[in-house]
Each structure stands twice: as C-alpha cells, then as structure tokens.
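Single-structure report; data block below.
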Amino acid sequence: MAAKQVLFSDEARAKMLDGVNTLANAVKVTLGPKGRNVVLDKSFGAPTITKDGVSVAKEIELEDKFENMGAQIVKEVASKTADVAGDGTTTATVLAQALLTEGLKAVAAGINPMDLKRGIDKATARLVEELKALSKPCSDPKSIEQVGTISANSDATVGKLIADAMAKVGKEGVITVEEGKGFEDELDVVEGMQFDRGYLSPYFATNQENMTTDLENPYILIVDKKISNIRDLLPILEGVSKSGRALLIIAEDVESEALATLVVNNMRGVVKVCAVKAPGFGDRRKAMLEDIATLTGATFVSEDLSMKLEETNMEHLGTASRVQVTKDNTTIIDGAGEKEAIAKRINVIKANIAEANSDYDREKLQERLAKLSGGVAVIKVGAVTEAEMKEKKDRVDDALHATRAAVEEGIVAGGGVALIRAQKALDGLTGENDDQNHGIALLRKAIEAPLRQIVSNAGGESSVVVNQVKANQGNYGYNAANDTYGDMVEMGILDPTKVTRSALQHAASIAGLMITTEAMIGEIKEAAPAMPMGGGMGGMPGMI
C-alpha cells in the first residue's frame with residue numbers, strides 16, 4: 001500500500017478552496033446572455049468550443065491531488081444538477097463557490113462548522129419553499145418558447161423549434177436532438193408509433209421505387225414467438241384473404257420455409273401480407289409488443305399468457321388506418337385500440353418511469369410512453385462547421401431539458417431575480433444559536449452570486465445592479481442582453497423552477513460537507529526510478 005499524505009484544518013481547506021476556485025472560475029465565465037465560450041482540448045480531433053457549464057467542469061483535472069479533490073467535489077454539483085434538471089449547472093457551481101468561500105472565512109474566524117452547516121440547511125429548506133410559492137405554471141407555447149430561448153443562450157430559433165416540437169408530440173412526447181446534414185435547423189415529426197424493424201423480405205415491398213410497403217386499413221397479428229410452421233397461420237391467412245384486406249405480422253422471427261410461403265402468396269396476390277421482426281430484446285420486447293397490441297386493439301399472442309398461435313382467429317387481430325414499412329422501420333398510424341386501454345397502459349409506464357433506477361431504463365420507458373401518447377419529434381441541428389455543430393447541439397440539448405423542467409415544475413423570473421426575491425423568506429428565520437444564524441445570513445448573501453456573475457460577464461458593476469433589483473419588487477430585474485431593467489417575465493427571461501431549486505439544493509449540500517471538512521488524505525506519488533546508464537559500444541578494429 002502506497003504512503004499517504006495528510007493535511008489538516010486551514011491548510012486542507014485552503015487547498016480544497018483553490019481547486020474549487022480553479023474549476024468555478026472556468027465554468028462561471030459561461031453564465032448569462034453575455035457569457036463567453038470555453039475551448040476544450042481533445043486527445044483526438046479538433047478542440048471543442050462550448051458554453052455549457054457541465055461540459056467545462058467535466059474536462060477539469062488538476063495536478064495537485066488536494067486541489068483536485070476540491071474541484072471534483074464541485075464537479076459533482078454540476079453533474080448532479082444536470083442529471084436532475086438538465087440545466088442550471090453553472091448557477092449551481094457559482095452558488096457552491098460563493099457558499100464555500102464565505103463559509104471557510106467564517107470557520108477561520110472561529111464559527112462552529114457544524115452549526116454553520118445546520119444554519120445553511122435550515123435556510124435552504126425555507127428558500128426552496130419560497131421558490132415553489134413564486135413558481136407559475138408553464139403550459140402555453142409562448143412560455144415554453146421563452147424558456148427554450150433563454151437556455152439556448154438567447155437563440156430564438158431554438159426556442160421556437162422546441163415549442164413547435166412540444167406542440168406536435170405533446171409534453172410527454174419524445175424529442176431527440178441530432179446533427180443535421182444542412183446549414184439550417186429542421187424539425188421532423190414521426191406520427192404514430194414507429195419502431196426500428198423493417199420487413200423480413202424485400203419482396204413484401206409494394207412500392208418498388210421507394211422500396212416501401214404501404215398497407216391501408218390492415219389487420220395486425222402480434223406474436224411473441226418464432227413462426228416456423230405456416231399451418232399455424234392458415235386460419236388467419238384464409239380469413240384475411242376473404243376480407244380483401246392486408247395483414248401485418250409482427251413476430252420474434254419467421255423462419256425460411258414459412259417466410260417463403262408468405263412471399264409467394266403476397267406476390268401472387270392471394271393475400272397482401274408483410275412480416276416484420278418484433279422490436280427490442282427479452283422482457284423489453286414483450287413490453288413493446290404489449291404496447292403495440294394495446295395501440296391497435298390486438299390480442300397479444302404469447303404462450304406466457306396461455307395463447308397459442310394455432311388457436312388464434314380473426315377476433316385476435318388488431319387494425320390501424322395505415323401502416324408503412326421500410327427496410328429499417330415500421331410505422332403504425334392511427335391504431336384502433338380503445339382510448340381507455342391506451343390511457344391505462346400509459347399510466348402503467350409512467351409508474352415504471354417513477355420507479356426506474358437507471359437513466360437507460362428511464363430513457364427507454366420514456367420512448368415507449370411517447371410512442372403510445374403521440375409520436376417522436378427529431379430536431380436536426382444545422383451548422384457551417386463541425387465545431388459550431390457540437391456547440392449548438394449542446395445548447396439545444398440544454399434548452400430541451402430546461403423546457404421539460406419548466407413544464408414539470410413551472411417557471412420563475414430568470415436572470416437570478418427569483419433567488420433575490422426569495423431572500424424575504426429568510427426574514428425572521430433564526431437558528432438555535434448565533435453560529436446557525438451566521439449560516440442563514442451566509443446563504444442570504446450567497447444567493448446573490450448568480451446575478452452578480454451575470455452582470456460581471458456583461459461588463460457591468462454587480463453591486464449597483466443588485467442594489468437596484470433589491471430596491472424593487474416582483475419580477476423586476478436586469479436584462480444583461482441589452483443592459484436594461486424591467487419585468488423579467490414580460491421580457492421573456494424565465495428560469496424553470498426545478499433548475500433553480502436543484503442548483504440551490506445541490507450547491508448547499510456540497511458546500512455544507514466541504515465546510516465541515518477537517519482533514520484530507522491523498523496518496524504520495526512515488527518518484528520514478530532513474531534510467532540506468534547504457535553500456536558503451538565496443539570499438540571496431542581499424543577505426544580511429
């Protein structure tokens with residue numbers, strides 16, 4: 001086991017603060033409408049230019065191990081805020097730095113760190129309640145557009161794209177961000193339910209030019225097994241043939257002999273049919289097949305549910321107004337499932353999302369929810385260069401997360417004003433002793449830091465602006481984009497309540513832990529052994 005170095009008290013806290021300041025100073029230059037970019041060196045490819053706080057924080061590793069500990073702890077604030085709210089990482093970092101700087105000064109002056117932390121925790125709980133009281137619902141397209149615009153660094157086109165996407169697929173719908181192929185931003189909306197499985201044979205294609213299969217008002221059979229014997233399908237095929245309608249088969253697989261029979265019957269015009277593989281794998285496949293069955297009004301044919309393929313008849317088939325199948329995707333439009341059954345299924349998925357432990361599971365459940373409840377919107381980001389593309393895609397991602405957070409918990413006045421207005425909730429709040437009171441006063445001052453940083457990044461005098469904002473009431477604040485004062489909500493400068501709340505809670509939590517740190521332990525790097533000298537080369541005869 002390698003030897004360890006131990007730092008105590010003021011020496012440990014000073015090192016930790018140096019690391020925090022290095023990281024926070026790099027992150028906070030990105031805050032506000034006049035925040036600057038940060039260039040990140042990459043081990044391969046061109047450098048990345050970004051204005052995304054969490055991207056900057058993730059890149060920082062310091063040489064001094066004790067300073068690096070401080071930086072990594074504050075990096076956790078940014079990452080956690082991004083995970084929970086999707087935005088607000090820079091605000092969280094600025095708050096953590098302000099709290100820690102003032103907190104360590106107080107500890108050095110002899111204030112008890114544990115009571116200081118208790119005071120901060122007490123004040124944080126009161127501020128969170130006040131932020132929720134100040135919050136207003138965000139449901140109309142204009143508010144959604146404004147939140148998206150602010151989070152995308154005042155880019156109105158991005159705000160409008162997100163508002164349009166939400167209007168088309170609903171607030172529960174899946175909206176994804178991809179790199180586009182052109183210079184302009186685009187919005188593509190996939191109506192109905194789409195899954196990434198295409199036809200099992202190109203001979204099912206009805207449109208030879210586009211190689212697509214278009215089925216109007218088809219029957220839909222959903223099976224959770226491989227179809228190997230065509231005899232199992234005969235009752236269904238005969239019934240569909242008599243009806244004169246088409247049939248879409250969704251199964252785990254269709255083996256070669258059965259597939260060949262289906263292709264031949266399709267080409268001869270005996271029955272118009274198309275077979276596709278079921279989407280997903282394992283339990284997720286079964287869940288997705290049940291979703292499709294609910295959407296189309298079909299009975300899910302599964303041996304787990306004591307149903308065999310050979311026992312199925314026309315009553316077990318679902319329908320949809322239209323189905324389009326390509327070599328890669330299948331889209332079911334306007335399924336004939338009962339609205340009550342679909343709503344019930346949606347509620348089950350929502351409950352599963354609430355209980356999901358991993359981000360991956362949550363994302364997949366969210367996709368299933370969207371496919372059942374409306375569709376999928378894809379925002380394709382356009383740019384001239386690859387560097388601009390990456391930077392813009394980060395901003396659009398931030399804006400999308402912010403608008404989702406706004407829809408979930410509502411909005412408050414932006415530009416740091418909500419935190420200033422929440423200060424009044426601390427009036428009359430007292431702790432059990434003077435040291436706790438100092439913690440409350442410390443947080444009251446620290447929550448001015450985001451507004452001060454926005455003003456500093458815009459080249460203004462922060463104390464003058466903060467005093468001007470505090471002298472007024474309501475949504476009155478400072479618009480750093482054009483150096484004016486006014487009603488922040490009317491000017492469209494809004495922050496999601498969830499983002500502001502998460503930033504405050506995570507910053508206060510981490511700062512409290514760091515203030516109460518008394519020792520730091522790090523590994524001592526062993527000096528690399530010197531290289532041995534190489535042996536001399538023997539001379540050759542006859543050489544001088």
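Cβ coordinates come from backbone N, Cα and C, glycine included.
Taken from Swiss-Prot as is:
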- 30-33, Lys51, 87-91, Gly415, 479-481, Asp495: ATP binding site (BINDING)
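Of all the Cβ atoms in the protein chains shown, 27 others lie within 10 Å of the Cβ of Gly32 (ATP binding site).
According to DSSP, Asp495 (ATP binding site) is assigned to a strand segment.
Ranking the binding-site residues Gly88, Gly415 by how many Cβ atoms sit within 10 Å of each one's Cβ puts Gly88 at the top. Counting every protein chain shown, the number of other Cβ atoms lying within 10 Å of the Cβ of Ala480 (ATP binding site) is 25. When the binding-site residues Thr30, Thr90 are compared by the number of other C-beta atoms lying within 10 angstroms of their own C-beta, Thr30 comes out lowest.
Each of the binding-site residues Lys51, Asp495 was scored by the other Cβ atoms within 10 Å of its Cβ; the lowest score goes to Lys51.
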